[in-house]
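Data first, discussion second: the structure below is written as structure tokens.
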């Protein structure tokens, strides 16, 4: 089986998505301290990519002899002692140590990178005039369109791109109204809307809190939420980049954790 140096992979990911660009509160990069310097981590033959580190994802890595997992969301957000109070999370952590599996997370440094593919995805359905980075750490986008289109057409296109299981729209929205720009922050990104004090706009994100829905309602914002799962494009994006760079020297597998709930 072909292998690559672990440092080659980590340096490549850091070149694309520099950790210094992550939000101050974010915990990106290597997650499992106990396997940092193990001999088994010198080389990598098989990488698994997933949205979050779940027990199922770790078991998949073990079964498929992978010693390196790349996730969208950091496994350890809080202080280590607090995280380990979560029994399920401690089981996952212990499994990674036992099987000498490292986890590498790319989060807000993916959001604000020009090297991610979200605008490429948007451009498959929209005629884009220009794109501007927005937000406190440039986590979002203002996408200006070449021509005005109806809100309904915009919503339908975005649901096609990112999936439609959880689509929610502000109650006062007029689907027949015309829009010329889209404000977009993936994930739980409605704070961007509030921080920028947006009004009279079309804002798209993964999910929003009650106070953020209220802000949209009172500031005449058509807010569309598509579910945090809209970030799943990350998996195909990273997989394609790794294949293009390392070719047959590195096996890359995608693991879909799927939505963690059902819609009744």
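Using N, Cα and C of the backbone, Cβ positions are placed for all residues, glycine too.
It should be emphasised that the depicted structure is a prediction, and the values quoted were computed from it without experimental measurement.
Taken verbatim from TrEMBL:
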- 73, 111, 228, 231: divalent metal cation binding site (BINDING)
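Distribution of TrEMBL features across the structure.
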| residue | record | DSSP class |
| --- | --- | --- |
| 73 | divalent metal cation binding site | coil |
| 111 | divalent metal cation binding site | helix |
| 228 | divalent metal cation binding site | helix |
Could you check the binding-site residues 111, 231 and say which one's CB has the most other CB atoms within 10 Å? 111
Just jot down the residues in the same chain as residue 73 (divalent metal cation binding site), at least 6 apart in sequence, with C-beta under 8 A of its C-beta; none if empty. 51, 52, 53, 105, 107
Spatial neighbours of residue 228 (divalent metal cation binding site) that are distant in sequence (at least 6 apart) but have CB under 8 A: 187, 188, 206, 207
